[in-house]
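Sending over a structure as structure tokens; questions will come in a sec.
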């Protein structure tokens, strides 16, 4: 940027100098007004007058010189001069030089060319590149001192680290692999959900490898000019060949490596041209020995099959969500830079954050540190981590939102309905927290936290989730009547309907339809797939699917209604507890379900306050329709209910 500014300043100074040299030359000597000149002529003091247009260079008889200008055309001037015997000399008007004439005639065109070059450089982001460098690669080569990340900074994905660490070992000691006839993979594709550490793992490879490391984004190839993408791919591999052995890292490769196909428009697809060139460079007629391509994406399903075949991306490394041990390791990495209180236990936090990615855990530690800073604390304690977890899972509190008592009561019944059904149906995740404080876009939230990491879900668990989703709407219907049911359950209905339809059409949980796939393919057209979609079911089958979905929802809807009707005393007691405390945790919910006095939440301002959640009769256990809930430690499915 500084070089460009200096260059333009130099050009401006040169142009100003040229204009000044081409301008009319100023006359030497002093200037005198025209009336004084006429008076001196009449007094016979002027010896010579050189007339050049309206300018007169005067030489007096005493040899003094000066210049004057004729303000208006004076027809008597020449007669007066001759009468007084003044020598009159006429001079032709000054003509511009040949160089000045050429410059003036070409200046507009040169100005337009300069403006065009300037804008082309700006559009290409070429602060330091020439106007014709569109096809040059934007890959940046990183050296050892530019990246400090190592494998020690990557945690929670040990298998992925082992896969990519093998590449680094090969680059350091290729003979150890070659003597056994082994060949290093030409390409490694890192696949995983967002935030799991794919790019961080690539940074660690760059920090560990002692070879040149080129990094580029998939969106840096294609721009406004045709052929730029393919040219940049060629240039990138040419640079890599000169620096071999080396590593090329392409982040978000799905931006350029999407599936080729029909698509829309029917015209030339610049992205396909770029992809074709990349396929040739990775494994074409000419080999690229010593160049390892590493790419990252969270959409492997949209990549072109030719890009994924052996010889291009030989190995796919799955970087998935971390398990409880991986989450603990990730938390310890991020906690190094945070002053911690003695009560901090990373294992406890890891068990309470199933489904969190590495980025989520980094955000958790940062939010906890911010909460501690707001409270002017010197260390971060478990209280701040609990607040940060609630904020990430349920959204930020909106205490400034004004709600009437009637709205609070309706929200309390709604959330209590979710919580009670979730505790009574089998195989459901435990209730972690219920609140009627508005969070995010919801007026209240019922959060279920799984007891462990889940891989799959049973039919019973899915039906329990459907019943729980309708618990909030049913609580409103039972308390206020069908005519006063609110729209707060709109998201619950949407989630339950999609869940039931998937059970019928994808997961084979319908006796009438059997274990067959009835769902339509949902690939987007712009991903290069065909525009036309085949219909694989008849109208009669579609009607049966709708009937099965409706029957599944009605069965679980009626089950939830029966559970709430049988436990109305708990519903009222939980509403009272929510109206008093606004937020209740698992211990308070345990007291309510057992019909005991509700203990106050931790940190409550009135430690002696209690709420008799039971009825006046003898305590009795809640009456579930199905068998009691049995914990499933292998399950990580959770819901954030309470769209109320």
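Including glycine, each Cβ sits where the backbone N, Cα and C put it.
Worth saying up front: this structure is predicted, and the values here are computed from it rather than measured.
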414, 418 bind Zn(2+) according to Swiss-Prot; which of 343, 345, 492 goes with them?
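It is 492, as the record lists it for that site.
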Ranges 551-597, 598-644: which does Swiss-Prot label region 'Disordered'?
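The range carrying the region 'Disordered' annotation in Swiss-Prot is 598-644.
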Can you dig out which of the ranges 78-98, 99-119, 120-140, 141-161 Swiss-Prot describes as transmembrane segment?
99-119
What range among 5-25, 26-46 does Swiss-Prot describe as transmembrane segment?
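In Swiss-Prot, the transmembrane segment feature sits at 5-25.
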Would you please pick out, from the binding-site residues 192, 193, 195, 197, the one with the fewest other Cβ atoms within 10 Å of its Cβ?
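Minimum Cβ neighbour count within 10 Å, taken over the binding-site residues 192, 193, 195, 197, occurs at 193.
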What are the helix, strand and coil residue counts for the topological domain 'Periplasmic' (26-98) according to DSSP?
17 helix, 24 strand, 32 coil
When the pLDDT values for the topological domain 'Periplasmic' (26-98) are averaged, what is the result?
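Summing pLDDT over the topological domain 'Periplasmic' (26-98) and dividing by its length gives 80.
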Considering the binding-site residues 196, 199, which residue's Cβ sits among the greatest number of other Cβ atoms within 10 Å?
196
Return one of helix, strand or coil for residue 192 (ATP binding site), based on DSSP.
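The residue in question, residue 192 (ATP binding site), is coil (DSSP, three-state).
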Considering only the recorded positions 414, 415, 418, 492, which residue has the minimal Cα-Cα separation from residue 196 (ATP binding site)?
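Comparing Cα positions, the candidate nearest residue 196 (ATP binding site) turns out to be 492.
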